[in-house]
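Undergrad: Supplied in structure tokens, the structure appears directly below.
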Amino acid sequence: MSKQVILTGITTTGTPHLGNFAGAVGPAIAMSKEHDNCFFFLADYHALIKCQEPARIIQSRQEIAATWLALGLDTDKATFYRQSDIPEITQLMWLLTCVTAKGLMNRAHAYKAAVDDNTNNQEDPDKGITMGLFSYPVLMAADILMFNAHQVPVGRDQIQHVEMARDIAQRFNYLYGEHFVLPEAKIEKNVALLPGLDGRKMSKSYNNTIPLFLPEKQLRKSIMKIVTDSTEPGVPKDPDQSTLYEMYKAFATEAECAEIRKAYAEGIAWGEMKQVLFEKVNAILTEPREKYNELMANPEYVEGILLKGAERAREHTVPFIAQLQKAVGL
Ligand code: TRP
């Protein structure tokens with residue numbers, strides 16, 4: 001067992017989909033079985049940056065919490081909490097804000113993309129951009145540095161943010177002494193980037209997702225809607241150009257994949273392949289789906305787990321923020 005601290009969070013907007021399972025929650029839970037010091041959290045303060053509908057924040061938070069638990073996260077082993085239950089994180093954010101160069105934040109991809117959009121539309125460059133969006137990487141740095149995480153499993157779009165956390169940590173350490181570990185983004189090479197219904201990356205922003213815990217019938221219907229080309233049954237097909245295969249790969253073993261590649265060479269019909277994919281995904285999700293529905297019907301139970309997680313997290317954050325405040329002269 002390594003002493004490495006592993007930490008990652010999920011922003012609580014939207015409903016968890018197959019892509020979140022294959023790319024983030026699944027691999028994180030697998031990692032928590034091999035490492036002792038895992039911290040997983042619901043980034044609900046981050047959610048406020050993108051979403052100003054309280055009901056949606058609440059719904060999404062419950063769904064995402066239930067998802068981690070339904071997929072088998074052992075909360076006695078990993079520390080599982082809600083960001084907003086740890087006031088020390090936002091306290092730390094201010095300490096970090098005061099050592100973060102504005103120029104560094106100007107270079108953040110998400111902020112730059114928003115400015116570029118405005119400029120292209122001949123609008124004021126700052127139209128619709130809040131300080132929350134601008135400071136997003138500082139909040140994320142506080143999440144990471146608060147627990148002195150060594151490794152931060154994230155998708156490629158988040159690498160820059162982890163690098164910024166590292167820059168900010170370095171600056172703080174230089175000014176006030178060695179308080180922070182310098183974190184690294186951990187990109188799983190064999191973690192699937194799941195395609196969505198239209199073949200592009202499955203993402204809330206493309207509106208092409210398949211929700212993770214759809215009832216069986218709707219899951220089937222959704223999979224049947226995945227776009228394919230018009231190659232006829234009996235004509236050999238290239239698995240490496242196929243959204244269905246790409247999805248299948250994220251759920252199947254190597255042996256099963258080899259089987260299916262043979263079926264592609266033999267010209268399996270798209271309809272048949274969709275059925276195969278549905279059966280595979282459904283078999284994996286049937287049990288967690290039941291658990292998920294139970295948890296969604298039992299919010300007090302989930303709440304209890306989150307509060308216990310926060311209590312455990314705060315055994316570290318309360319003394320650590322005191323140490324940091326002292327270091328800066330408060
Ligand atoms: N920004 C991440 C995302 O949208 C979520 C997140 C917030 C996070 N804080 C974090 C991820 C800290 C890793 C570490 O995907």
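Each position is counted from 1, following the chain as shown.
Cβ atoms here come from the backbone N, Cα and C positions, even for glycine.
Annotated ATP binding site per TrEMBL: Thr11, Thr12, Thr13, Gly19, Asn20, Gly155, Arg156, Asp157, Leu194, Lys201, Met202, Ser203, Lys204, Ser205, in sequence order. TrEMBL lists 12-20 with the feature motif ''HIGH' region'. Marked as L-tryptophan binding site by TrEMBL: Asp143. Annotation comment: TrEMBL describes 201-205 as motif ''KMSKS' region'.
Locate each feature and note its surroundings.
TA: A coil conformation is recorded for Thr13 (ATP binding site) in the three-state DSSP classification, outside any helix or strand.
With a cut-off of 8 Å between Cβ atoms, the residues of this chain six or more beyond the motif ''HIGH' region' (12-20) that come close are 42-44, 46-47, 50-51, 56-57, 60-61, 63-64, 67, 193-194, 196, 201-204, 209-213, 247, 250, 281.
DSSP gives Asp143 (L-tryptophan binding site) a helix state. Taking the Cβ of Asp143 (L-tryptophan binding site) as reference, residues of its chain lying under 8 Å away and at least six apart in sequence are, in sequence order, Leu7, Gly9, Phe41, Ala43, Gln83, Ile89.
Residues 13-14, 17-19, 193-195 of the same chain, all 6+ positions outside the motif ''KMSKS' region' (201-205), place their C-beta atoms under 8 angstroms from a C-beta of that stretch.
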Undergrad: For the motif ''KMSKS' region' (201-205), what are the DSSP-based totals of helix, strand and coil residues?
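TA: Secondary-structure breakdown of the motif ''KMSKS' region' (201-205): 2 helix, 1 strand, 2 coil.
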Undergrad: Less than 6 Å between Cβ and the nearest atom of ligand 1 is the rule; apply it to the binding-site residues Thr11, Thr13, Asp143, Met202.
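TA: Only Thr11, Asp143 qualify.
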Undergrad: I'd like the Cβ neighbour count for Arg156 (ATP binding site), meaning other Cβ atoms within 10 Å of its Cβ, all protein chains included.
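TA: Here the count is 9.
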Undergrad: Need one number for the ATP-binding residues Thr11, Thr12, Thr13, Gly19, Asn20, Gly155, Arg156, Asp157, Leu194, Lys201, Met202, Ser203, Lys204, Ser205: the maximum pairwise CA distance in Å, whole number please.
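TA: Max Cα-Cα spread across the ATP binders: 20 Å.
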Undergrad: Looking only at Cβ atoms, how many others are within 10 Å of the one on Thr13 (ATP binding site)?
TA: 21
